Structures are given as C-alpha cells and as structure tokens.
Amino acid sequence: MDPVASAVRLAVQEAVHILSSSEDGGHIISTLQSLRRYLGETETQAPPEEQEEFSRTHFSTILRCLVGKLSPDWLDLLPDGQLEELWASFFLEGPADQAFLVLMESIEGAASPSFRLMKMARLLARFLSAGRMAAVMEGQCGQQAGPASRLLQETLLTRVVGLPDHLGNRLQRETLAAFFPQNYFPLLGEEVLRVLQAVVDSLRGGLDCSVSFLSQVLGKACVHGRQKEILGVLVPRLTVLTQGNCLWQRVCWRLVECVPDRAMEAVLKGLVEAAPGPEVLSRLLGNLVTKSKKAQFVMTQKLLFLQYSCSMPMLQSLLGYLAMDSQRRPLLVQALKELLETWGSSSAIRHTPLEQQRYVSKALLICLTHLGEAELRASRDELLASLMEGVKSRLDSSLPPVRRLGMIVAEVASARLHPEGPPLKFQYEEDELTREMLALAVPRPAADGPSEAGPPVAPVSGESPDQETVDSGGPQAGWEGSDSELDSDDELVPYDMSGDGEQRGSKTPAYVRDCLEALTASEDWERWEEALRALEGLVLKSPAATREVSLELAKVLLHLEEKTAVAGFERLRQRALVAVTVTDPARVAEYLAVQFYALNYSLRQRMDILDVLALAAQELSRPGCLGKAAQRGSPGPGSQPSGAAVPAWKAVVEERVRRKTRRFCKGSTGRAAAAGPNEFNAVAGYFFFPLLQRFDRLGLTRRPCRVTGRLSTASPSRLWAVRG
C-alpha cells in the first residue's frame, strides 16, 4: 500500500474525529491549522505528493465535516470570530470545484429558513466575489476528457449556470443581491474572460488547453435566455482583444465552434445582436458557417426566413459577415437566390404576415448591396426570372403595402441586376418605410474584406425633374409646359413590334425524358404544350434515348387527352406517336397491336392505333427513312440552314454554265433517289401478325347500343371494314 496515501488518510481520520467530538476551541484550532498544511497555506507545508492526495481524495470529506459542525454554539467556542474565519478559509482557498459543489450541496440540503442556510449562502457570495468561479472553470480547461471528468463537468455545468434558480428556490425572499440573474451572469461573463486570458497565457507558454467547458457554459447560459447579460460583458472586451491579435481570434473561434448544437442558435443570435458590426462578428466567428452545418443553417436560414425579430443593425451585421470572406460569399449568393424565391412566392405572399415580408425585402436589398458585378452577372438570368415572377405576384395582390414592397424591390433590384437596361419606375406614395428601404439599397464603403462593392443604386422613385439636364448642359425643355402637354403622347415614337413573337413562360424541353415528365406529371399547361410540340423532333433526334422509354411514351401518347386548346392537338399527338413507332418499331408496334384488342378503349383510340401503324409502316418503307428522320429532328445549337452551306457566287456560276451549255440529248434532269434497304422488311411481322392473331374473335370490343344504351360486342372485322 502507498505510504503517502496511508499517512494522509490516518491524519484526516484523526482530524475528523477531533472536529466531530471535541468541544475545546484551542484543540479545534490546532487541528484545522494542521490540515491547512495540506493546502499549502502555512509555513510548514506538506510534501507535494501528500497535498495532491489530500486534494483528490479527502478534501470533500473535511468540508462536509465542517458544514455538519456549523452552528452558533460551535462558532462561539473562540472569541472575535476566529473559528469562523478559519472555517471559511477552507472553502475560499482549497480546490475550487470541490468547494463549490459542497457549498451548493449544503445549501440545497439545509432546512429553510435556518442559520446554516444563511451562513452557507453568505459564504457562497464571498466565494463568487473572491473570483473563485474563474478557478472552478479554469480547472476544467486543463483536464483530460474521461468518464469521471465528463460526469464532473456535467454536474458543475448544471450548478454554475443554474445557480440563480437554485438559490432563489431555497432562499425565497431572503435571496442575496449577488444571486440575482441580472447581477450573476455579468459576473459569470467577467469570470469567463479571466479564464480565457489564462488559456491564452498557457498557449503562449506552450501548454495545451481546452475551452470546451467554457463553450458549454456560454451555450447553456444563452439557452436560459441570458444572452444580453453574459454577452454584453464578453463581446465588448473580446472586440478589443481580438483586434490585431491572431491568437485571441483563434481562441474565440474555438470557443464558438465547441458550443453544442442545441445551443448554437441562441449563442449566434446573441452574438449577432451584441456585435457592433460585421467586422467584429467576423473576428469573433471566423469561418464558422463553413465548418458547422448547424451554424450555417442558423445564419442562412433560421435568422433570415424562419424568424423576423432581428433589427436592421443585426441584419446588416449578419449579411455583412457573410460578405467579408471569399469562402463565405457563396453562401451570400445562395441566400440572395432563396430570398428572391421566397419574396416572390405567391403562397408566401398570401400566408406570411406583412412584417415578415418587409423583413425579407430588407434582407434582399442588403444582399444586393454586398454582391459585386461579377457575382450578379453569373446568376443574372436566374435572379431576374425570380424577380419578375415575384413582381407579378405582388402587383396582383389586393393589399397596397404588398404592392408597394413589390415596386420598391423591383426598382432597386432591376437597376442592380441589369444596370445597362431601361430602369423600372413605379408611382407610389413615399413614407418612412420607403425611405428606409431605399437607404438600405445604397452600397456601403468596402471594408477590409474582399467584397466587391457595386455601383450605387439611385432611388429612381424619388428623383426630382429639376435635377435632370440634357447633354448640352441646359435644362431639359420637355419639362416645361402645362400638365396637359406633359401627359400628351403625340410626340412619342411607337416601337416596331411587327417581328415580335409570343413570349412563353416555360422553357422548351431539351430531352425526351423531360417531355415524358411534362406530359405525365406537370401541372404547368404551358410546359405541357411545349413538350407536346417538341416531342416529335426530340424523338427523331435522339433515337437511343427514345428506345429506353419508347413503351412509356407510346402509352402516354395513346391515352393523352387535350387539356388546353392546343392548335392541331390530334396532328401533334399522331406525329409524335408515329415517330416513336418508327424509332423503335418492333416493341412499339407489338404493344399497339396488343392494345388494339384490349378492353376499355374507345373506338377513336382503336382507329388511332390503326392509323399510327399504317403511317409508321409507310415511313419505314421509304428509302433512307432513318436519314430523313434525323434531318426532321430539331436542329442542334450549332446547326445552320441548308441554304447557308452553298455560297451565292457558286449558284451564279452554275446558272451561267447551264445557260451557255448546249446539249444534243436531254435526259432526266432529276437526280435518282439513293437506293437502300427497306427498313420495314425486318419488322413487318410485328405490324401484321399480332393484329391478325385475334381478328376472328368476338366480344373483344364493346360499344353502347343506340337504342338501349347497353354495351354490345363488336367484331374487330367491323373496325377493319371501317378503316378500309
């Protein structure tokens, strides 16, 4: 057995026996002073091994013994409070974490109200004022992570952050001012700063430290709703300490990175609120949003879309923080796209409160001021499409504030996204909100980040006529005159709109599968119509892709119904079905022949099947049908008209040669068609035999009787007769 541990244990057992049974004040004083040698507080100190053994194993036992003996009579054994001071010194000078836990344990276990409870509460107040809470947290920054250490940290975390609640429940009306939340949490913030200073000093000395416990304390305090109290002390000091000091910045980054995910939202929201600007927020957080998915969700989704309680300085700090580093700027671009999509959503316009719509509009304008020309140019088409859709939805609203938001954002965003085009101008009544939003659209001076400041956007709605001049330097003459002259449109030159075509909102599909999806699942009728018009060309252009989905296409086209008033619907459907059959004749022809005898088909559909099979057979029988099909497909992006391949001078030369050439015998002037194999020859059986197989069977097709309305059987030979 270890002799050091044995000697310390015997000394502690003897001291506990004396403290528990003796009533002699002098004997008690000598016993306590002998124990203090293990704390290193006397001239005759114990060896370091014995001090470590006493602190690790026996210190809590001595403290609980002292708490158990606390009473008025016991303290009066010596005059002038000598015994009380010596008794309190064990709590104020020993290992801080054990002393704190015993203090909290004794307060929770004491009867209320009682002498012991008030004495322990006052001692805890002295413990806090002496800065011992910093020693409690500092002791956890150098410990190795283990099961016992994690259990101790969880216990300390609950006691440290929940101290005002525990003391308030025990002391009730007798609660001391030091335990009020508005007093305790600022004190806790100062203690955290002291521990951070000790961590920085240790790192400079080459020692390893951890700030995980401090992160947990910060996160739990913010979850309890005490962001203002604790961050109001931390942020101003850290703002000064991190300015030009890389070590302090890295410690702050690590402090926030180690915050648990369940507390990340509360901490980040508190930091955004407490930080005086995006530069400070960038120094405190670093690139946290690129390392933590939770932080990225909070900063780019929660605070922008799900909550709208942030003030304008908070919103500017948040978006400015995203814009200050090249690694974070893609998140700002993505946030702008999602803001525009939400801002223009007709569902969001109907179901979200007006205050939240204003909040999203302001965030959108701030994003535009932080993005540069190159970034906006890269996503201009997508952003303009979302903007125009949103403007239409907002102008269709019956609420004037909603329409005004659409006008303001449309003016500013269009000038920012498309500065070379004609500016949008709306007429609306200006108020304080309008001026505030137009002020947000003015780009701020570029900070030390890499953000590219765009050109300033002038509030086009607030321009005054007398400020505009013509190029010659004189006042513009068009503004002079009466109101009736200003409203006259006689001198306006009309636009030439003869060559304008219909602008379709849906993009023409580029692939066969896109057409299939649009025809089956799309509720966008414009897209449905575009898919039907483009299907034949895409099928003939991409035979390999068509063969993969040929049966699905045939089934969809066979059952396709006219949902909108499409010009030539039957012709488009038939040509597309013929193109699918020509591209994959074996499988599609066999499928159509089988469906001809299936139930639940109308007479019109069966006639369509026969027409398609006949047209496809004719198409396959023509020489070079595959080449012609490829030519009829949609031209590629780089293709040119056939006329462009022959130069004009060559045609002129050939015509002159033809006129001046004399021929004695004139044969056929037309060029013979190129010979080639008959493509229908290999697949003719698929067109004929499945139809002939069940030709002479009755009861396979049904139609209503004209007199009774009942379904009657009809022979397929009748359909053949009708077809013939």
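Cβ coordinates come from backbone N, Cα and C, glycine included.
Ranges compared are 164-184, 500-520, 626-646, 689-709, and TrEMBL records region 'Disordered' for 626-646. Averaged over the domain 'TELO2 ARM repeat' (324-422), the predicted model has a pLDDT of 86. Mapped onto DSSP classes, the domain 'Telomere length regulation protein conserved' (509-617) shows 85 helix, 0 strand, 24 coil.
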